[in-house]
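What follows is one structure encoded as structure tokens, with my remarks underneath.
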Amino acid sequence: MLRLASQGASLALSSNSLCNSHIASLACSGLRLWSAAFTTTSNSVPEKLHVCVVGSGPAGFYTVDRLLKRYGDRVHVSILDRLPTPFGLVRSGVAPDHQDTKNVTNQFSSIAADPRVSFLGNVLVGRDVDVNELRALHHAVVLAYGAESDRRLGIPGEDVVPGGGVFSAREFVWWYNGHPDARHLHIDLSKVRSVAVCGIGNVALDCARTLLAPPSRFVHTDLAAHALTQLMGDHQTGGGSAVREVHLVARRGPVQAACTPKELKELLTDCGVSARTAAPDQLTVSEADSAEMKATRLKRRVFELVSKAVADASAADAAAGAAGGSSPQRRRDLFFQFYRNPVEVLRGPDGAVTGLRVERTVVRPDGPGGTSVAVGSGMFDTIPCEMVLKSIGYKSLPVQGVAFDCRRGIIPNVAGRVLQQADASASSPTSASTSGSAEGGPDEVAAANVGLYVVGWLKRGPTGIIGTNLVDAEETVDSLAGDAEALLRAGEMSHGSAGPPGAAGLEALLRQRGVRVVGWRRWRLLDEHELAAGRAAGRVREKVTEVREMLRVCGFAVE
Ligand code: NAP
């Protein structure tokens with residue numbers, strides 16, 4: 001329970017959490033921050049503000065954008081990425097058949113090419129430089145490194161064993177999008193007929209679409225070449241994907257599905273799939289469901305789409321049967337497995353996946369505030385499959401020296417201001433709070449790390465579309481702006497009138513450490529290379545998927 005500092009209130013500062021010299025000197029000066037005066041005059045700070053943004057995905061770039069718009073020539077931003085490539089989730093998360101969504105990279109590229117911005121790719125925080133060093137070199141650091149891990153089901157058979165066959169959706173998405181960390185994932189679609197996807201959010205739909213749609217849908221996209229070969233086969237080995245059915249396993253019903261109608265419609269109508277339900281009663285609606293659909297148009301729309309697709313598929317089966325056709329044109333099947341909770345991944349003697357055991361559930365309003373939850377019924381089924389994808393949500397990872405809420409998988413924060421380590425365990429504050437205040441006792445005050453901020457999935461959890469980060473970045477930059485004058489003053493106290501060295505100092509440090517930093521011009525070499533290879537193959541882009549090869553194309557000598 002915390003009362004969060006908001007504009008006009010003083011904020012408790014504890015010197016043990018202030019971990020670089022200018023920040024410490026700020027604490028010593030006993031300044032009372034967040035006064036209304038600072039927040040309202042923050043646009044008129046005289047000196048240049050040096051900000052480091054860690055992560056060059058949408059949250060990172062929107063943060064840079066907001067900073068540039070707010071401070072004009074009075075800001076310089078270093079934007080870091082652990083990979084030689086920018087754009088985070090836009091490059092390795094957005095589905096290849098959603099190229100329009102990727103157009104946002106044009107805007108991000110203009111931002112990165114701005115003289116007030118230094119892109120530093122191939123820099124891993126924690127290996128090449130640490131957060132305290134970044135803080136010492138800049139007035140402020142904004143953590144925007146996203147969610148690069150996964151929630152766990154916590155069921156037997158889930159973990160990677162020699163037989164493989166179980167992947168998080170993130171890994172699978174990284175694999176088909178050519179992320180270097182998933183390049184060598186052991187996926188062989190020529191041996192997989194049936195896939196169980198746990199979860200029914202939009203990521204689950206992306207996975208299902210990739211597995212079920214005709215491969216021709218991806219030929220001209222930037223789907224990684226190794227994934228395209230698996231989907232289509234090739235002249236030498238033949239092969240291609242053997243996947244004929246995908247089961248979307250949802251622990252609740254169609255009315256509670258997390259996916260959105262537009263994405264569901266695309267899967268049901270554009271990809272040549274036949275939609276089925278695991279049992280006829282799965283589309284029966286309760287009174288509570290009806291009320292939910294009445295209240296929320298999107299939920300009603302999802303239900304209608306599922307019902308219509310299932311009815312259309314069974315009518316098509318009946319018509320084909322009546323016409324005496326033994327098998328209608330071979331389509332691929334999408335099974336909705338509603339009210340099914342995964343309880344075990346089944347494996348054969350060789351460790352290969354043979355099925356997913358699920359428990360039938362009923363949905364009850366037993367959650368907080370009467371929200372619906374899935375309750376086990378004691379009845380079990382087995383879904384035969386050779387591969388299981390866990391699409392139950394991404395999770396962020398901690399970085400050394402910064403508080404982390406392991407349960408929620410976020411950095412505890414108040415409107416983007418990172419809370420101190422000691423307070424973090426007590427927090428469930430909530431970055432989601434846009435008002436800058438949260439519930440709590442009147443005497444409790446959350447202490448924030450002055451000069452350390454967070455944005456994006458790392459701040460609020462893995463929800464929302466790319467555009468959600470725009471609003472999120474605005475909130476974090478507002479918080480930073482509220483502190484800017486104090487940060488500038490602290491920088492001056494520890495570094496003299498020039499303030500901290502910012503990107504120039506960071507580049508010098510990395511050079512001294514022998515880090516092969518991929519600046520914007522080097523990335524453009526790789527970008528041009530990929531685009532040219534794509535043009536030659538009649539594709540949008542042919543991605544380079546190994547870091548070593550990326551560095552070679554970027555102009556580094558690679559043994
Ligand atoms: P999500 O929308 O949160 O969906 C997670 C799914 O996993 C839900 O069906 C959830 O079921 C289920 N789940 C969670 N924990 C579970 C457990 N322990 N056991 C069984 N099932 C469990 O997450 P996401 O699909 O990863 O998407 C993340 C965000 O990215 C979303 O906001 C999504 O809209 C966005 N996104 C958008 C697009 C697009 O616009 N095209 C594409 C991809 C992603 P319950 O509902 O029962 O908890």
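A Cβ is built for glycine as well, from the same backbone N, Cα and C atoms used for every other residue.
Whatever TrEMBL says is automated annotation, not expert-curated.
TrEMBL has this to say about the protein:
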BINDING   Ala59, Leu89, Val125, Trp457, Gly464, Ile465, Ile466  FAD binding site
BINDING   Arg251, Arg252, Glu263, Gly464  NADP(+) binding site
DOMAIN    50-269  domain 'FAD/NAD(P)-binding'
Residue with minimal Cβ packing [other Cβ atoms within 10 Å] among the binding-site residues Arg251, Arg252: Arg252
DSSP-derived class (H/G/I helix, E/B strand, else coil) of Val125 (FAD binding site): strand
Overall pLDDT for the domain 'FAD/NAD(P)-binding' (50-269), taken as the rounded mean: 96
Number of Cβ atoms other than its own within 10 Å, given for Ile465 (FAD binding site): 11
Surrounding CB atoms that lie within 10 Å of the CB of Val125 (FAD binding site), all protein chains: 22
Distant-in-sequence Cβ neighbours of Trp457 (FAD binding site), under 8 Å, six or more positions away: Ala59, Gly146, Ala147, Tyr394, Ser396, Ile410, Thr463
Ile466 (FAD binding site) CB neighbourhood, other CB atoms within 10 A: 18
Rounded Cα-Cα span from Arg252 (NADP(+) binding site) to Val125 (FAD binding site), Å: 39
Cα-proximity to Ile466 (FAD binding site), 10 Å cut-off, over binding-site residues Arg251, Arg252, Glu263: none
For NADP(+), whose listed binding residues are Arg251, Arg252, Glu263, Gly464, the greatest C-alpha pairwise distance in Å: 21
Where Ile466 (FAD binding site) sits in the secondary structure, as DSSP reduces it to three classes: coil
Spatial separation of Arg252 (NADP(+) binding site) from Gly464 (FAD binding site) - C-alpha basis, Å: 20
